[in-house]
């Protein structure tokens, strides 16, 4: 279904107020609440696009070619400035970063751009007169896993470490350009990292392994494990992990077609295994019992990749989660601390017309 609609990838901006859609027909930019298309780059301008990344709600967009009819190479990141007034639309391409291998992901903040390849990560100053500040060798990272703290106070970068199942954290503000920083590693899982995310302040990192049954949260300063959340018992591929803006909740989506919502601020809201009330159990069962299960969940099309994030709070006791799927569907659910979860909105974002420039 994703191929029918031609969606190659989806990504939220830094505060999850917008998302960009890389397509066989170009790029579309959407506002989340209310849902509306804010702009697009058509196929004549950019060809088919594999990846796109937004810088907050600005006019700057990073694109990487790919798909069936690309105009641009998969080894280049192009920066598109939609606010630039030019006669030829091609002149809106203001920057280009080119490498020797395919670009797998791009992350941006107000002063830096991060470009992720399979075995290397590059950090440049951005957007004025970009200069390469750092490069980091990584273990095989075929999904281009990486997250960057958007906070003005903290310049934290996280990506899979050299050791299987580990996370590497780099404070870009404490690292001198051209030098390699001392490794700051968290041994998070026994198998390969499959998904990771930082909260908005960069104080907590969440990760899941390829097994996909557990999500573990760590303090980025002390490296201590804070909590272990159980998505389920069957292996799954996690597509996305996101924190609420105040880090009170966490949501996660997987190929099981379920979006799980966990409480972080008040973990007593999360469900526990019935065995937790039994008392002492063996070490293997004990790990299962000690885990916290989601306080609420909802379903989206199974095996359809989707990204999820928290919406605007409608009241003190009502929160919302947005799920955006590559099949073109938009889902909004509201949930309460007692675990009630109900659909509030459903739409097909690919059928929404252009509203404005972005």
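Placement of Cβ uses the backbone N, Cα and C atoms for every residue, glycine included.
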Of the ranges 221-224, 225-228, 229-232, 233-236, which one does Swiss-Prot list as motif 'L/FRRG motif'?
229-232
Distal contacts, the motif 'L/FRRG motif' (229-232) - CB-CB under 8 A, six or more residues away:
208, 212-217, 238, 250, 252, 254, 256, 258, 260, 262, 270, 288, 291-294
In the repeat 'WD 3' (233-272), how many residues does DSSP assign to helix, to strand and to coil?
3 helix, 20 strand, 17 coil
For the repeat 'WD 1' (2-40), what's the mean pLDDT in this predicted model?
91
